[in-house]
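Chemist: Pulled these features from Swiss-Prot for this protein:
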TOPO_DOM  1-22  topological domain 'Cytoplasmic'
TOPO_DOM  44-74  topological domain 'Extracellular'
TOPO_DOM  119-130  topological domain 'Extracellular'
TOPO_DOM  152-159  topological domain 'Cytoplasmic'
TOPO_DOM  181-193  topological domain 'Extracellular'
TOPO_DOM  215-285  topological domain 'Cytoplasmic'
TOPO_DOM  307-325  topological domain 'Extracellular'
TOPO_DOM  347-352  topological domain 'Cytoplasmic'
TOPO_DOM  374-387  topological domain 'Extracellular'
TOPO_DOM  409-456  topological domain 'Cytoplasmic'
TOPO_DOM  478-537  topological domain 'Extracellular'
TRANSMEM  23-43  transmembrane segment
TRANSMEM  75-95  transmembrane segment
TRANSMEM  98-118  transmembrane segment
TRANSMEM  131-151  transmembrane segment
TRANSMEM  160-180  transmembrane segment
TRANSMEM  194-214  transmembrane segment
TRANSMEM  286-306  transmembrane segment
TRANSMEM  326-346  transmembrane segment
TRANSMEM  353-373  transmembrane segment
TRANSMEM  388-408  transmembrane segment
TRANSMEM  457-477  transmembrane segment
Amino acid sequence: MSILSLVEDRPTPKEVYNWKIYLLAAVASCTSCMIGYDSAFIGTTISLQSFKDEFDWDSMSAAHQDLVSSNIVSLYQAGAFFGAFFAYPIGHFWGRKWGLMVSALIFTLGAGIMLGTNGDRGFGLLYGGRVLAGLGVGAGSNITPIYISELSPPAIRGRLVGVYELGWQIGGLVGFWICYGVDETLPPSHKQWIIPFAVQLIPSGLLIIGALFLKESPRWLFLRGRREEAIKNLCWIRQLPEDHVYMIEEIGAIDQTLEHQRATIGLGFWKPFAAAWTNKKILYRLFLGSMLFFWQNGSGINAINYYSPTVFKSIGVTGSNTSLFTTGIFGVVKTVVTFIWLLWLIDRVGRRLLLLIGAAGGSICLWIVGAYIKIARPSERENKQMDGGGIAAMFFFYLWTVFYTPSWNGTPWVINSEMFDPNIRSLAQACAAGSNWLWNFLISRFTPQMFAKMDYGVYFFFASLMILSIIFVFFLIPETKGIPLESMDRLFETQPIWRAHGTLLKQIREDEERFRHDLEDSGFVKSTDRQVEVVDA
């Protein structure tokens, strides 16, 4: 088996890998388009001269400018932090489908409020709209990865949850380029900077429409006792009849897991809270999932996403139009590499190895960029023309993007969506998403001050954190590719961690062979398309 081979936990009919499951993942991932667009457009929009003129930016002190810009950016993350936890009761009681609908409606309300912002009214509507939009995307960042992972066959679960990350990057690509577009094509005016705010309504509108046609998660339906509807939805998604051996195995595994949970954690709304505090295994896994987002934000990605003009200025890029263009190229690189990650890497190379490679390569690149800024001091030069050293620094910045994007950008979301049992999954994802938005908030809130005080030290700071993340992943995070959701407990109990994947996958295949042998002995035989029971005359 090569490193780029798909890993199946058992023989899987080709019907399982059908277009319907990709369509469901794509519709749900409109949530991440909302997130990606918002994270990309806001920093470049508030750097437009038309925005600064309308709000009399030049009359503010430098410290006041940093405060206002960090407030505009970080209030969104603050709302998203609370939205991630707000999604838990919605996802538990209403389901994944209607949870996605609620997140889209709240985001749309927030985006609409932002459109009322102008110089006369000040920043109040903008602040309020950012908080509401954050609530919406925070809820969506909880529910979407869970929904997709609960639909997915193990062999392509990473790829399908990766569609969520792809949506994030497509939204980001549009967000990075739209400000370059309005700066090139429209004269400085209120219209020039309000158009990027209005575009937020497109992905949320698509999600509202698409959510009406989504199938509810079969695993959530099983959890709520709606068995017939769950089996019907699962058969529709898998494109197989209920009595096919693959379906018998999957339904049996879900039943067995729920029965185990009923006897241990319990299936009620409050049971996961009690389990999280009393069960050390669950608490430990919550810690791992939350820490993945600490290390993700410790790479510096959100400092770059939200304040890309500041980042490029520190390297020596001058001129607002040039800064917008280089930011757009950053978005293109991320999107292209995300396609590669989605189609060839996440389910073939695996989660763990990608994190290790990305952290090592990304750290080296940031050390080089920081060293260039320390030695060359490009922001202090009278000659603003970028020299060979500056071009090399830009190369290593984009190389950092190539290392980071297929590793730490989307992989933590994939791992968190698959590493918990069904009844704890919503709460666990809320904790993971909340952790993401907490660190996101802190980075976005203090990045302007960090660049003002630390200068090149910002790059050394993030490079050091990426080195530390290698130790964390190697000793604590097992490989999860190809492992059924119902077997995650066994994976995290297998030691040593760096060999757990191979050990458990071998056990699962042996168990599956015994199951099929016992099934055939009990009166089932294979036919071309399905399994038929043998009845003696």
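Residue numbering: from 1, along the chain as shown.
Here the Cβ of each residue, glycine as well, is placed from N, Cα and C on the backbone.
Give me the local environment of each listed feature.
Modeler: Over the topological domain 'Cytoplasmic' (1-22), the average per-residue pLDDT in this prediction is 72.
Across the range of the topological domain 'Extracellular' (44-74), the DSSP-based residue counts are 24 helix, 0 strand, 7 coil.
Summarised by DSSP class, the composition of the topological domain 'Extracellular' (119-130) is 7 helix, 1 strand, 4 coil.
Residues 6-9, 12, 16-17, 21, 25, 238, 342-343, 346-347, 351, 414, 418, 481-485 of the same chain lie 6 or more positions beyond the ends of the topological domain 'Cytoplasmic' (152-159) yet place their CB under 8 Å from a CB of it.
Outside the topological domain 'Extracellular' (181-193), and at least 6 residues removed from its termini, the chain residues within Cβ reach (under 8 Å) are 45, 48-51, 53-54, 118-119, 320-321, 324.
Away from its own ends, the topological domain 'Extracellular' (307-325) comes close to residues 43-44, 47-49, 69, 73, 176, 179-180, 183-184, 369, 372-373, 376, 378-379, 381, 384, 386, 390, 393-394, 397, 444, 447-448, 451, 455-456, 458 of its chain (Cβ-Cβ under 8 Å, at least six residues beyond either end).
Long-range neighbours of the transmembrane segment (75-95) within the same chain, counting only residues 6 or more positions beyond its ends whose Cβ lies under 8 Å from a Cβ of the stretch, are 38, 42, 102-103, 106, 110, 127, 130-143, 146, 216-217, 220-221, 224, 269, 426-427, 430, 433-434, 436-438, 440-441, 444-445.
Counting only same-chain residues 6+ beyond the ends of the transmembrane segment (131-151), those with a CB under 8 A from a CB of the stretch are 21, 24-25, 28-29, 31-32, 34-35, 38, 75-88, 90-91, 96-97, 99-100, 102-111, 113-114, 157, 160-161, 163-164, 200, 204, 207, 215, 217-220, 237, 413-414, 416-418, 422, 425-426, 429-430, 433-434, 436-437, 485.
Away from its own ends, the transmembrane segment (160-180) comes close to residues 21-22, 25-26, 28-42, 44-45, 47-48, 144-145, 148-149, 151-152, 195-196, 199, 203, 305, 308, 321, 324-325, 327-328, 330-332, 334-335, 338-339, 341-342, 346, 405, 409-410, 413-414, 417-418 of its chain (Cβ-Cβ under 8 Å, at least six residues beyond either end).
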Chemist: For the transmembrane segment (286-306), which stretch among 23-43, 98-118, 353-373, 388-408, 457-477 has the most Cβ pairs under 8 A?
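Modeler: That would be 457-477.
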Chemist: So if I exclude everything within five residues of the ends of the transmembrane segment (388-408), which remaining residues of that chain have a CB under 8 angstroms from its CBs? That is, six or more out.
Modeler: 169, 295-296, 299, 301, 315-317, 326, 329-330, 333-334, 337-338, 340-341, 345-346, 354-355, 357-362, 365-366, 368-369, 372-373, 375-376, 378, 469
Chemist: How many helix, strand and coil residues does the topological domain 'Extracellular' (307-325) contain under DSSP?
Modeler: 14 helix, 0 strand, 5 coil
